[in-house]
Structure formats: C-alpha cells, structure tokens
C-alpha cells in the first residue's frame, strides 16, 4: 500500500480534499493538496485536519467492543468483549424488544455527514425490519434546508462561487480553520471583483470583507429577505422570463411582500432601510447572484420561512439558469442511495407511525409523499434521499423514549452520533436514554451518549476507510477518499456492524455485499469500474438533468416549476408563502419576562479547534480552546457586573449551564453567545460528573423543544434568536 494518499477530510462537514502520507515513524501527516482540484482550492487545510492523526491515535480512543456490566444504566463498569458476542447479544435483545413492542420501537440517531461509509444500508436495515424512526442532527442542520429546497424547486441548490458576481452570506463565520475551502473560494471570488453582502449580527472578519453588512437582530432573517423580495418585485428587478416560464405563485408572492415594506422591515431587523434596499438592488443587478448555505437560518423560529425566502430570492433573479446556483440530482456515476435504502419495503402503516407525523409532518414520510411522483418523473427514484430525508422528529422520538407515548421506543442506536448532546432539551434526551431496554453506541470515544450505552462498538476513522462521496443524493459532484491505514485495534466500519446485525436478524439475503469494498463496487457499478481503478480519478462531476431548457424536464415539484407559492405546504395546512412572526420569547413579545431575563441567547458560532462535540479530548486541539466560553459585549458585561475570565451561569426558562466569560466587542450588545457541544472528556464518566460535564456545559441544557420554541412547519427548535436569558456569577 503506497504511503501517500488522496483523502477527503471528514473532520468537519465541508469535506476538503487533502493529502495524507504515512511517515517513517508510522504517524500520518495531512497537508493541502498539491494539484488543482475542482472542489477544493489550494491551501485548504485547517488545524483539525492537520492534527487528525492525534485524534486517530489518541490514548482514549475506543478500540474494542465494550459491554456495560453494571447493575444500572450509566454505571461505568465496562468489560471488553468480542464483536461476535456483542452482535449476538444485541440481536437477541432487539428481537425480544420487537416481539414485545413492534419494530417501530427501535429508534436510531445517525450522523451521515462525517461518516459516509454505509451508503443507505442503515435505512435499508430499518425499512426491512419495519422501523420508520430514523433521525439525525441534520433535521436541524442542512437536512431541513434540503427539505424546504425540495418542496420549492425539487432539489437542494448549491452556490457556485466561481460563477457568481454577487454572494449573499448569512452568518457564515468562515476562517482559515472553519470551512477553509469555502473561505478560499470566497477570497478568490472577491479578488476577481465579486460583490459580497453579509447578514450577521456580529461584526465578523467576513462582515468586514463585505460591500454591504447588515447587522440584523438575531432571528429576523425571514423579515429581511421578505423586504428584499419586496424591493426586487416592486422595482421590477426580477428575471421576468424565468418567473413567467418556470415559476408558479408570483402574484400571490407579490401580494404577500407588500406586507413587508422597508420601514417595517427596518423596524423588525434593526437594519437601515436604505441599506436593505441597496442590498436588494445589488443582489438583483450584480448577476449572477447566489446564496451559499448557512446554518443560522436552519435553527430559528421562522426557519422554514427564512429558507423558503432564500429559495425565492434565487429564483426570481434567475440564479437557476445563469450558473450561480446548481440544482443537484442523484449522481449519474452511482447507484442511487434511494435504491439501496429500499423505502418501498417499509409498509405504509409503518410510515404513518413515524414519530412526528401527527404533530410536525413536513420532514416525515407523510410530508414528503407529495414529492414521490415528481421525484420519480425527474430523477427516476420515488424516495429521493436529498441530504437526509424521511426523518422522525427528534423531539417526538425522545419524548416517546421517555414517556412511551404515543407508543414505546425501547431500543436506541447512536451511530457516530453523540445524541445526548446533539438535540435541544438535553434533560428529556437523558430521560429517554435512561428508559431504554437496549442502547448501542458506535463511536470512536466514550462520549456522554456512549456512557449511557449497554454496548459501545469501536468505529473507524476517516483515515482508515475508503469512501465514495456522497452518502446521499443531490450533490452534483463527488470525491473518492483513499484508505491510508488499517483501522486501529478492532475498530470496524459502519457497514460491518449493519450487515452483521442484519444477518443475525434474518435479513442476510438483502445484504449481498459481504464487506464494504463489495458495497462500494456496487455503488460505482454504473461506471463499469471497480474501486481499485475508480479511486484514482479523485473527483467526478455528475450529469444533471436539463431542468429549464426548451425540452427541459422541469423540477421535481408537483407543478414541475419553482413553487413560490408552495402546494406542498398548502396541502399540509401550512402557510404556502413565507412570513415573519416574532418569536414568543423576546424583549418585544414578552417585555415582562425580559425584565428577569434581559439577554437574547445565541447558541453556536463555530470554534476553530473542534467540531460540535468532537475533538475535546486533552491534546493539541483542546489546548487551543480549553474552556467552554460565553461571549458578552464589554458594555453589557459591565452593566451586569461580570468581569472577563470568570465562570458564570447562563440561564433560560428551561435550564442553566456553566461557562467561562469572555468579553467580545463583536458580540451585539444585549446578547450572549453560548457554545455548542462542550464537555470534558478528561473527567470520569457517569452521572456523578454529569456524564463528563455534558450536563453542566452543553448548550442543549438551556434550549427548549416545547411547541412555543419550535418552527411551526418543521418542528425544530429555535436556537439562534428569540430565547431570553440571564447571566450571573457562579
């Protein structure tokens, strides 16, 4: 095996292509690619990728299957066992649970975006077994964006930096260590004269690079977009030909945006009306214009409307036909993930049992059913797996786990997913996990979720596995990632676990691929190549449908056109047009509560050295950002009597957490930023330490998933604007 490999870094979710080389001492050196690449510009490597081998070889990595032999869940009494014993016992217990409660009693949380090695086989296993209850943190991070894109224009839309003359950024905190490849794409675009509009309450480095910076109030993005649409329509700046030929609902949209004149939008957002108009005109006239994905609008009370309004902005200025935006499709080189997943094997009565169907159906099988025929017409697949699809609602899943209503969920798998910390209302997630008869965790470290498991199975590292991207449909390009070294210890790939369990559950005939390499060869079989040859090409662009040409097939919506007025949302009983409603817990909507909780909370803002709840183990990455930090503007901190460098409590009506305070002039006055995913792996596990600090430091302790705090269409929690908080000394 050659020592130098071409690898897709999976340290975060941007997936930069890097080179990896095994040195004489056995350590792996990762560095930026040396040749031109269509998806990754030169010098695109961050500190997480540079130090990836320190995580792979960390002394605390789980290298062998472990069984908790304690008398109660969460008791840290671990016994090393074999894979065969673990799989045999898991299968036996799962069979008993299914016999008693039905297959829907299995719930699964999976992280697809950083794993990318099972190619739909987990959903295949669940569908054949009869469980619809798969969920992911993608429910509130890009997966929901993809869902909204689908109902609006059939598929997820990618911004093309190289083909854009104007970029609209929404709270994207790019840097040399955060989405570095896109940061380099941005700098290259600006160098050639591309315009940049930035919407961000914080004065970030990217905001300082902008032609127009709109420091809007947290959570008011939907209102600002509606104001921009108002300007573009009323000033006749839209692409009339595209709107007339390929959009439906324009007149209804035009009527709706009259409710959002610039003076009203300025009052809502806190931005200058003239600057909003200037941004709208720039976006419409500096064509082609694009809006790269940003997580901020995935996590708001008005999330669905904010995402819908972005789709509409792209459409009415012609971005889908001038090269600025690319509508994806199942990759032409690959067997569709949807075919592998076998959604048709899941009975209709089980689809209707998917948790969340009755309360927040949009992202479930029921909500997506209106897109089955259009997807089959355009893409040849009925169940289009576009960046996470057909998901159980996380709140409904954890509630069923905790309360056994509307029915019991008694077995839970966390696959590359720190599920305890990954969703809002961590208290309820803990109750749900404690109420399980079987918890299985597949991961690299003893995470807080793993500490609650019956079995912890050692997962492989991205330097230890070959990968064919993507692991979902709708991405117009793909990359191959070569295996650099064999997995450490007894670590296995995700497909190994899925297939071996499927065999023990009587499903072997549906898993004909004996190992991951056979599965990869099946996935790439349309090319006529096998992995040994295919991996050498490094990247591959998909052949996309002709959506909008003279013989265009249209998009995969019920009308075949971009639905400015959504027939899918109308059918589900939702507002078919975007809107802005003030969240129920702000200083405007609840001034009395704001007297006790005077701060507006913002959860997130990525840090350089970690990704979500990963890479907090002691070492070079943790040393860069050792503590969980809250950010307050110096004036706000002074008014509260809170000096920088002291530990504080941050409290909402839902809970509180302990953080180290740092004064930050970029943080808007009257607001507080809290980090996501912080815990202390160096601490002992178990309930005595709050599962290594997770119950003390993680943002989900203060984030409610009650109905008042959920986006009404998607049923996802508001994390980024519209939650009142207070801060005080410990």
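Backbone N, Cα and C atoms are what each Cβ position is placed from, and that goes for glycine too.
Look at residue 16 ([4Fe-4S] cluster binding site): DSSP puts it in coil. Summarising the annotation, Swiss-Prot assigns [4Fe-4S] cluster binding site to 9, 12, 16, 46.
For 13, the entry in Swiss-Prot reads active site. Within 10 Å of the C-beta of residue 13 (active site) we count 16 further C-beta atoms, all protein chains included.
The W-bis(molybdopterin guanine dinucleotide) binding site annotation in Swiss-Prot covers 48, 111-114, 141, 172-173, 177-179, 199-202, 218-221, 296, 300, 416-418, 422-423, 442-444, 460, 465, 602-613, 676, 699, 720. In this structure, residue 221 (W-bis(molybdopterin guanine dinucleotide) binding site) is part of a helix by DSSP. Same-chain residues at least 6 positions away in sequence with a Cβ under 8 Å from that of residue 221 (W-bis(molybdopterin guanine dinucleotide) binding site) are, in sequence order, 170, 199, 296, 297, 300, 302, 306.
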Give the sequence-ordered set of same-chain residues, not counting 9, 12, 16, 46, with Cβ within 8 Å of the centre of the Cβ atoms defining the [4Fe-4S] cluster site.
10, 11, 14, 15, 18, 44, 45, 48, 49, 179, 180, 181
From the Cα of residue 12 ([4Fe-4S] cluster binding site) across to the Cα of residue 607 (W-bis(molybdopterin guanine dinucleotide) binding site), what is the distance in angstrom?
11
So which of the binding-site residues is most packed in, judged by how many other Cβ atoms lie within 10 Å of its Cβ, out of 12, 46?
46
Please work out which residue of 200, 607 has the most C-beta neighbours within 10 angstroms of its C-beta, and give that one of the binding-site residues.
200
For residue 422 (W-bis(molybdopterin guanine dinucleotide) binding site) and residue 13 (active site), what Cα-Cα distance in Å is obtained after rounding to a whole number?
15
Fewest other Cβ within 10 angstroms of its own Cβ, chosen from the binding-site residues 172, 465:
172
Residue 12 ([4Fe-4S] cluster binding site): which of the binding-site residues 48, 172, 200, 465, 613 have a C-alpha within 10 angstroms of it?
48
